[in-house]
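Presented below is the structure to which this report refers.
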Amino acid sequence: MKPVIALVGRPNVGKSTLFNRMTRSRDALVADLPGLTRDRHYGEGRIGDRPFIVIDTGGFEPVAKEGIVAEMAKQTRQAVVEADVVIFLVDGRLGLAPQDRVIADYLRKTGRRVMLAINKAEGMKYTSVAADFYELGMGDPYAISSTHGDGVRELVDEALDLAVQERPELADQEDAGQHGVKIAIVGRPNVGKSTLVNTLIGEERVIAFDMPGTTRDAIYVEFERGGKPYTLIDTAGLRKRGKVFEAIEKFSVVKTLQSIADANVVVLLLDAQQDISEQDAHIAGFIVESGRALVVGVNKWDGLDGHQRDRVKHDLERKLQFLSFANIHFVSARERTGIGALLRSVDDAYAAAMIKLPTPQITRVLQEAVEFQQPKRVGVSRPKLRYAHQGGSNPPIIVVHGNALSGVTDAYRRYLENRFRTAFKLKGTPLRIEFRTNKNPYAESKD
């Protein structure tokens, strides 16, 4: 699971700039979702081989009781609840403000691990810039510049260390083993995630366990189908009530991101009786960016007539065209129709994501693709694609070597992707293609 870091502070201290630097983006991967306030943003970042989730909040005024300021305070409190570590950002140029004291008092009462970061500290002596802020009682502050990046890596590294100290299970990375393929069923509220979970587990003996901690922790449900073990990762807020699991349907961005990262295969569940929303597309985008294997389930199919079904299929092609690599299943979790086929696609998607491809076969497919259609010339030169090999799995990565590869167009990249997908039957997994230009060993030789 990925550690969660929340950025908290009064308005205009540089939280959004720090957020963008941590996610290496001007527009976070996880942007605003419809139904969530614009003042709580989620993004994914990575320091070395350490991935994490970061939450940017609006300017925080804990004592606000009405209007937009109160709503921003509510959103910030929720971010603190979801976080493993809180970075409390203050402004080194303006110095300590009364509002900083109020925020510090609030954060102390939450019991969260808090790191104090003094932003805009570039060109300033640490001792002088830090002196004002010791009275907050937050320990030694970190001096950083979110604009220039000074001190940011050290700050995030320390935050991740604290997160693992707080929850050691964050350091564990588990692949499909004795518990089988891990499946995350994700989607917006009320699309039928909990019904699908109960349909999948049926009347079998179920081992359900709540990982220790708060509501941000996932529930894992183990079951068997056809003699194969599987583990479901809950994102619907399932809680056991006797022998059944009841849903507390509350959409959580953190839970969704955590479960996608933890899963081997993601099932994106849509509601056939509702239009595909921007939120559906955002969730689909999370999955593709994460590189996870994917199966799409369109639920409540039994309630539609022929005309309505045609409209839904057209909507899928138009709004979720970027998911064309995934199998789509039209199911009814309530009536238990189409579930077996969906689960078979889960197995196929996992197999495709973990496939090992021999270099000679990859190179042969590349050569056949180039022979059928060469890349376009760029100026006087044409990209030369010479050989290819596999560069990784989950998702599969194919590395193409050659010369002048910066001239390969996006359209030609998609053409190659389709050729590789067809040749190796890579259905259900993203496929990434990387180009590496060969070095000319004689380029630097002297006559």
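The backbone N, Cα and C atoms fix where each Cβ goes, glycine too.
As given in Swiss-Prot:
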BINDING   9-16, 56-60, 119-122  GTP 1 binding site
BINDING   187-194, 234-238, 299-302  GTP 2 binding site
DOMAIN    3-167  domain 'EngA-type G 1'
DOMAIN    181-354  domain 'EngA-type G 2'
DOMAIN    355-439  domain 'KH-like'
Lys193 (GTP 2 binding site) to Thr57 (GTP 1 binding site): how many Å between their Cα atoms?
29
Is Asn190 (GTP 2 binding site) helix, strand or coil when read with DSSP?
coil
CB neighbours within 10 A of Lys15 (GTP 1 binding site), counting all protein chains shown, number 26
If you average pLDDT over the domain 'KH-like' (355-439), what do you get?
92
Nearest-integer angstrom distance between the alpha carbons (Cα) of Lys15 (GTP 1 binding site) and Gly187 (GTP 2 binding site):
29
What is the number of residues in the domain 'KH-like' (355-439) that are helix, strand and coil, as DSSP sees it?
32 helix, 24 strand, 29 coil
Please name the residue among the binding-site residues Asn12, Thr57, Asn190 whose C-beta has the most neighbouring C-beta atoms within 10 angstroms.
Thr57
Distance from Gly187 (GTP 2 binding site) back to Ala121 (GTP 1 binding site), taken between C-alpha atoms, in Å
42
Measure from the Cβ of Ala121 (GTP 1 binding site) and count the other Cβ atoms within 10 Å, all protein chains considered.
25
